[in-house]
Amino acid sequence: MAVTRTFSIIKPDATRRNLTGAVTKMLEDAGLRVVASKRIHMTKEQAEGFYAVHKERPFFGELCEFMTSGPVVVQVLEGEDAVKRNRDIMGATNPADAAEGTIRKTFAEGIEANSVHGSDSDENAAIEIAYFFKPEEIVG
Ligand code: UDP
């Protein structure tokens, strides 16, 4: 299996509860390496651009409000089959459906405040990484 990269966000519900370290430990324990990380407070424009694929969905406005409600930690994660590995440790979007031992089952407050984002394909990972990081900010 090839070593690849994915993009992760520790969302405002998790930073508010001081869970940055706990979430990162679960990512690391799952075999992912943090090769870039920064804490930012997203602007409305940044959030709307990031979630542009969801523009027509009924939850778009609220989601962008939530994502700008506090700081987030954006990260680039590296590991074997990183996109799938990260999706597996994240768990299902709705924590009620997430498997035991996943980040969302352990920490999420609800379907919106679900603690983490993770890219869903290698293509989107590349786009999302480039949205937040310059190449020189990623140190593998
Ligand atoms: N979301 C929401 N309501 C929904 C579905 C999704 O608020 O009914 C939010 C949730 O924070 C989710 C994000 O929108 O993580 C993106 O949704 P997606 O379907 O891409 O889920 P993910 O890939 O994050 O599991």
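Cβ from N, Cα, C; glycine included.
According to TrEMBL, the feature domain 'Nucleoside diphosphate kinase-like' maps to 3-140. Residue counts of the domain 'Nucleoside diphosphate kinase-like' (3-140) by helix, strand and coil are 64 helix, 28 strand, 46 coil (DSSP-based).
What TrEMBL lists as ATP binding site is LYS11, PHE59, ARG87, THR93, ARG104, ASN114. Within 10 Å of the Cβ of LYS11 (ATP binding site) there are 26 other Cβ atoms, across all protein chains.
Per TrEMBL, active site, pros-phosphohistidine intermediate is recorded for HIS117. Close to HIS117 (active site, pros-phosphohistidine intermediate) in the fold, though at least 6 residues off in sequence, lie PHE7, SER8, ILE9, LYS11, each with a CB less than 8 Å from its CB.
Taking each Cβ in turn and tallying the other Cβ atoms within 10 Å, the top scorer among the binding-site residues ARG87, ARG104 is ARG104. Among the binding-site residues LYS11, PHE59, ARG87, THR93, ASN114, the residues whose Cβ sits under 6 Å from any atom of ligand 1 are PHE59, THR93, ASN114. Counting every protein chain shown, the number of other Cβ atoms lying within 10 Å of the Cβ of ASN114 (ATP binding site) is 23.
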